[in-house]
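Feature annotations, courtesy of Swiss-Prot:
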- Gly16, Ala17, Gly18, His19, Ala20, Gly21, Val128, Thr183, Gln372: FAD binding site (BINDING)
- 275-289: NAD(+) binding site (BINDING)
Amino acid sequence: MNPSFYPNQFDCIVVGAGHAGTEAAYISAKAGLKTLLITMNLDTIGQMSCNPAIGGIAKGHMVREVDALGGLMGRVIDQTGIQFKMLNTSKGPSVWAPRAQAEKKQYQLMIKHQLEKLQQLSIRQDTVEDLIVEGNQVTGVITGRGFTFYTNHVILTTGTFLSSVIHIGTYQKESGRIGEPTTKGLSHTLARFELRLGRLKTGTPARVHKNSINFDGLEIQDGDENPRPFSFSTKKIDRKQIPCFITYTNDTTHELIKQNLEYSPMYSGQIKSVGPRYCPSIEDKVVRFAERDRHQIFIEPEGYETNEMYLNGVSTSLPEEVQWKFLRSIKGLEQVELMRPGYAIEYDYVDPTELHPTLETKKVKGLYHAGQINGTTGYEEAAAQGLVAAYNVIRSVRKEEPILFKRSESYIGVLVDDLVYKGVEDPYRMFTSRAEYRLLLRQDNADQRLMQYGYEMGLVEESLYKDMKDRYARIESIKSHLFVSAMKPSPELTKVLEEKQITNYKFGHSLSSFLKRSDIKIKDLEPIVSELSILNEDEKAVLEMEVKYEGYLKRELETIEYRKKFLNFQIPIDFDYASVKGLKTEAIVKLEKHRPLNLENALHISGVDPSDVDLLLYHLVDRH
C-alpha cells in the first residue's frame, strides 16, 4: 500500500532502465508527460552490458535518427566517447557508419544524470512483478515491494531479465546479468495475457586486465583524426582518443575449443534457445567456419580510468578454466588475466508480431514493448524502439493520431516494420542490407529526414531545427547552381585538368556533370566555384554525394512514389485471402495470421513475396 504522500498516478510508466527504457523515459518526460521509471538498480541505469561502444554499420544510422528525433544516445556518446571512427568510408556513402568506443562508466553516469534533470520524471529502485489490467486496458503496475502505481500507458523494456539464466560451462544461475537477479513475475503476467513467449540466447566475452596483455606486435586501430559527432547538436569532438588493438585466434586456440565442446552449454544441450546469427560465439565460429585458420579479435578499452579490456569477437560460455586456456593461446594474450568470465544468457521474449507498429500490444491496450523483449539485440535497436514507444504514448496521451515511421524514411521504420510483420527467429540485428532505400537513408541526412517530427512534438529545440533548415537550404542552393552553370575556361580549371591529367575536355557541360566524374572530388571544384566557401566540410560531403548519385536517388524516389500509389491500397479487415486465385498457401496462412492493413504491410510479411502482393492488388482493384 502506498503512503498518502507518495505519488502514484502517472501518464506513463517505463519498466527497466537499459537503452530502451532510458530513451523511452527521457522522451516521455521531455514531452511533459508525468513519467515514472522503475529499475531494479539505480547504479545500472544505461549500463553497457556487452561491448563498450555505440554505433556501427546501420546501428550508427539509427543513433543519428534517434538524435534527430530528440533522443539522448547520440548526445551522450559524443560527451563520453574515447575513440570515434567512421566505418566503411572506402565504400559508397549509403553504408558509411559512425561508431565510438565509450568511457563505459562515464556513459552510464551521464545517461543517469540527464534523466535526473527532468522535472517530469520520477525514478524508483524496485522491480515490477505484475500489471493491473481492467478489461483489455492496462491501468497500473505492482512492484516487488508491494507498491501500486497507476497509469494507462506502460512501456516494458525488460532486456534480458525475464526468467533469465546465465551459463558458464556446466554452471547455471538464475540471473539477468552476471551478479544481478532475474525477474519471473512479468513472464507469468505476459503468459496470462496470452502473449506468445519464446526463449532466446545471447552471450558476452571475457573482460581481461590491460596490464596482462603484451601489445607488442599487435595491430593498432586508431580513431579518426577529425572525428564526426553523432548528435546534430554537437559542434566538435575534442576528447582525447585512445587506440584499440587487433589480434587473432589460431590453430591451437581452435583445437582447445574443439576438445572442450562437450562442456559448452550450447553443444551439450544445456542451452536449447537460439542465439544471434550475426554475432556467433567463438565455439560457433570454430565449428561453423572450420575452414578458417583464424578469427579476428578486437581488444577494446572500457575507459580512461579502468584497466578492464573487452575482447570483441570471442563471446563464449565455455567453462572458466577453458576460457583461460584458449585465450592464453592467442598472440598478445599469453599471460592474460581474466577479470570477468564470458557467459551466455537465456531469457524470455515476446513474439513482436503481437505488437502494432506503434509497439503497443494488440491484446492489452496501453501496454508497449521495446528492446530485447521484442527479440532484438543491440543498444541502438533498443534505443530506437524505446523512442518509438514513447512517441506513441505521447500521441495517445495527447489524443493525437499515432506516428508510424516508414521504411522509406528511416532505419527505425525498417526495424519496427520487420519486427511487427515478420517477427524474429533469432535475435534481430539491423544491417544496411535490410533497407530497400539505403541510399536515401544515409547517416548524414537523418536530420533532414526526421527532425521535423521531433520539432513538431516539442522534442527538438527551435534553434536546432532552424539550423537544419538553413543547412539544407545552403546545400540546395549550391546544388542548383552546379546543375545550371556551365564549365568555362579559367586558369583555376586548367590547373585542375592538368593535375587530374584530363585532356580534350569539352567546355559547356554543367558543373554537376564535371563533379559526377569518378576522378573529380568536391574539393577539386573549390578553386572554380567560389560559392562552395559557404559550406562546411560535412555540408560539402552531402552536396557531393547528392550530385554524384543523382540518378540513383531519383530512381529510389520514383520507386517510393510507385509504391505510395499502389501499396497504400487498404485491405478489408475481414478479407478472404483464400479467394485470391494463384496465391501461395504459405502466403495465405501468413496473411490471415497478420491481417495487414494495406498492401505495403503485406509485402513485408515473411513468406509473402512481391508476386503475391501483385495478385492481391489485381484482386482488390477488380473488387473496386
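Positions of Cβ are set from backbone N, Cα and C atoms, glycine also.
On a predicted model such as this, the values are computed, not experimentally measured, just so you know.
Taking the features listed in Swiss-Prot, we show where each one sits on the structure.
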| residue | record | CB count, 10 Å |
| --- | --- | --- |
| Gly16 | FAD binding site | 33 |
| Gly18 | FAD binding site | 28 |
| Ala20 | FAD binding site | 34 |
| Val128 | FAD binding site | 26 |
| Arg277 | NAD(+) binding site | 13 |
| Cys279 | NAD(+) binding site | 19 |
| Ser281 | NAD(+) binding site | 26 |
| Glu283 | NAD(+) binding site | 26 |
| Lys285 | NAD(+) binding site | 19 |
| Phe289 | NAD(+) binding site | 11 |
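For the binding site of FAD, formed by Gly16, Ala17, Gly18, His19, Ala20, Gly21, Val128, Thr183, Gln372 according to the record, the largest Cα to Cα distance is 18 Å, rounded to a whole number. Reported as a whole number, the C-alpha separation between Ser281 (NAD(+) binding site) and Gly18 (FAD binding site) equals 23 Å. With a 10 A radius on its CB, Gln372 (FAD binding site) counts 30 other CB atoms from all the protein chains. Taking the binding-site residues Gly275, Val287 in turn, the residue surrounded by the fewest other Cβ atoms inside 10 Å of its Cβ turns out to be Val287. For Gly18 (FAD binding site), the nearest neighbour among the listed binding-site residues (Arg277, Cys279, Lys285, Val287), judged by C-alpha distance, is Cys279.
Comparing the Cα of Val287 (NAD(+) binding site) with the Cα of every entry in Gly16, Ala20, Val128, Gln372, these being the binding-site residues, the smallest distance points to Gln372. Nearest by CA distance to Lys285 (NAD(+) binding site), out of the binding-site residues Gly16, Ala20, Val128, Gln372, is Gln372. The DSSP secondary structure for Cys279 (NAD(+) binding site) is coil.
Look at Gly16 (FAD binding site): DSSP puts it in coil. The shortest Cα-Cα distance from Gln372 (FAD binding site) to any of the binding-site residues (Gly275, Arg277, Cys279, Glu283) is found for Gly275.
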